[in-house]
Amino acid sequence: MESTLKDIRDGASVLDLDPKATVGGGVEDLYGEDFATEDQLVTPWTVSVASGYSLLRDPRHNKGLAFNDKERDAHYLCGLLPPVVSTQELQERKLMNSIRQYQVPLQKYMAMMDLQERNERLFYKLLIDNVEELLPVVYTPTVGEACQKYGSIFRRPQGLYISLKEKGKILEVLKNWPERRIQVIVVTDGERILGLGDLGCQGMGIPVGKLSLYTALGGVRPSACLPITIDVGTNNEKLLANEFYIGLKQRRATGKEYSEFLQEFMSPVKQNYGEKVLIQFEDFANHNAFDLLAKYGTTHLAFNDDIQGTASVVLAGIVSALRLLGGTLADHKFLFLGAGEAGTGIAELIALEMSKQTKCPIEETRKKIWLVDSKGLIVGSRKDSLQQFKKPWAHEHEPVKDLLDAVKVIKPTVLIGSSGVGKAFTKEVIEAMASCNEKPLILALSNPTSQSECTAEEAYTWTQGRAIFASGSPFDPVEYNGKTFVPGQANNAYIFPGLGMGLVISGAIRVHDEMLLAASEALARQVTQENFDKGLIYPPFSNIRKISAHIAANVAAKAYELGLATRLPQPENLVKYAESCMYSPVYRSYR
């Protein structure tokens, strides 16, 4: 065996390498892959050296027709493949041509998931090189439909399913996962999937999709990523009655049973993977999301993308839009439709940044921000009946029953939708915004597209082309009065991959609000005048890896500044360091 394990760096045998976790975008491979450059030979290890038919069935090492003649001979592949030798670039062109033949987005999603299951590097090569085209396929809005139909399209397990049946043995379940050095976990309980509600165990599509973006956009190694679904039941009657439903067929656990089960999950995660594993809470219902973040944000490297990631990306859009609107954050007035995780999270980060800029207490800067929920404007007279996370936004004002009246009374310069209620920004609402603003900033953030508060065409048309618009789901360019408007997408994918990479490369042990502000500032700086000329307040996704490297560097710098980083000494050039740590999907040559 030792004869096959050749020295790969500085004359050191791979058997003598220190098996510590790397500081880069993944876990350390003791058998050479993490140390090898793209032109060096690596050994395709699984439990043993993969060869023959098993190598073709191993998605991490399979290259399909790109195995050259020498590799086919050395790894017993002769006869198992047609004789032609392809390149990765040719494979990419062929697959993109095939995917473009599908008319139904869900078919494209399934084609991409099939590719991920058989050829991991080619999957990420496609996604990185065609990110603007494929991002809506592998994530929002298509992933929402995929989750709704997950039971029917389920083929091969991806990630860990931890249900109430595993109570008392969660550590054992975690140890069943084949990778030991996990750096990023995305976990959901499926109760609030996008704007689609309780999808129970079928919410697994969200962690899987998110982690594919951590790799493609942020450069975190796939083997360092772990998607997890916590199955505590579902209250979705259609799923409970569906014979194809893949989860527990019982109503959701709540209260003490739920909190104890989550505690039993969080403790062994830290025990098994260490203090520096990032745990991203995803699509938990409001009543649990805030409690979990408050409880575990001080004891774990925990992050809620719906609360913190959304807030960071929206703040970045607002900060960049100020170059079009003029003034500072404190010069503007904000009105939200939706006072859940996203709405209150965005509002709090805006208030925090405003407080930082003006040196005013956050209690004062919050007064520039108003929220509307299902019962109307959140005001002081409602304070006793409000959930705890809404109370900071209960300002003194007469009751206002609906959004239109709130716009007329508050006269905001920025209107933000995070309600999950499609078409909530009516013509009257947007016209009211246009009547009191030369350039109203309208952010319709709810996903998927069907739940968006308004479309790009509606925003531009009803404001006579004066709106600055961005949305949570993608919209096509709009022609109005001979001018083409390109709507921006306030997609969390701008933030969380770079944020995660920044936490990984710095070895951070906690997520601090200052890191979220640092991520926002880095993203806002990437918007160019050319982008503004097209009406964009976010940079194009085609540059996402460069954007993520700058975000990672800014986040890591803040971690070092706050004393929360453990990877010492601090690299001199954090941007270059982040880029060097990013996973490359280019095929490796096998010895």
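Any Cβ shown, glycine's included, is placed from N, Cα and C.
Taken straight from Swiss-Prot:
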- Y139: active site, proton donor (ACT_SITE)
- R192, D306, N447: NAD(+) binding site (BINDING)
- K210: active site, proton acceptor (ACT_SITE)
- E282, D283, D306: divalent metal cation binding site (BINDING)
- 335-351: NADP(+) binding site (BINDING)
Around the recorded NAD(+) site (R192, D306, N447), other residues with Cβ within 8 Å of the Cβ centre, ordered by sequence, are I193, L194, G195, D283, E341, A342, G420
According to DSSP, E282 (divalent metal cation binding site) sits in coil
Cα-Cα, D283 (divalent metal cation binding site) versus T344 (NADP(+) binding site), nearest Å, comes out at 15
Surrounding the recorded divalent metal cation site, with Cβ no more than 8 Å from the Cβ centroid of E282, D283, D306 and those residues left out, we find T188, R192, I193, I206, F281, F284, A289, N304, D305, E341
Same-chain residues at least 6 apart in sequence with Cβ under 8 Å of the Cβ of N447 (NAD(+) binding site), in sequence order, are T140, P141, G144, L194, G195, G472, S473
The rounded CA-CA distance in Å from E282 (divalent metal cation binding site) to D306 (NAD(+) binding site) is 7
By Cα geometry, the one of the binding-site residues (G338, E341, T344, A347, I350) nearest R192 (NAD(+) binding site) is E341
DSSP, reduced to three states, assigns L335 (NADP(+) binding site) to strand
Lowest 10 Å Cβ neighbour count of the binding-site residues E282, D283, D306, E341 is held by D306
One should report the C-alpha separation between T344 (NADP(+) binding site) and K210 (active site, proton acceptor), rounded to whole angstrom, as 22
Judged by other C-beta atoms within 10 Å of its C-beta, the most isolated of the recorded positions R192, K210 is R192
Students should find that the Cα atoms of L335 (NADP(+) binding site) and D306 (NAD(+) binding site) sit apart, in Å rounded to an integer, by 19
Nearest to the residue listed as 'active site, proton donor' by C-alpha distance, among the recorded positions K210, E341, A347, I350, is K210
Long-range Cβ list for A347 (NADP(+) binding site), cut-off under 8 Å, min separation 6+ in sequence, same chain only, gives F334, F336, R366, I369, L371, W393
Among the binding-site residues L335, I350, the one whose Cβ has the most other Cβ atoms within 10 Å is I350
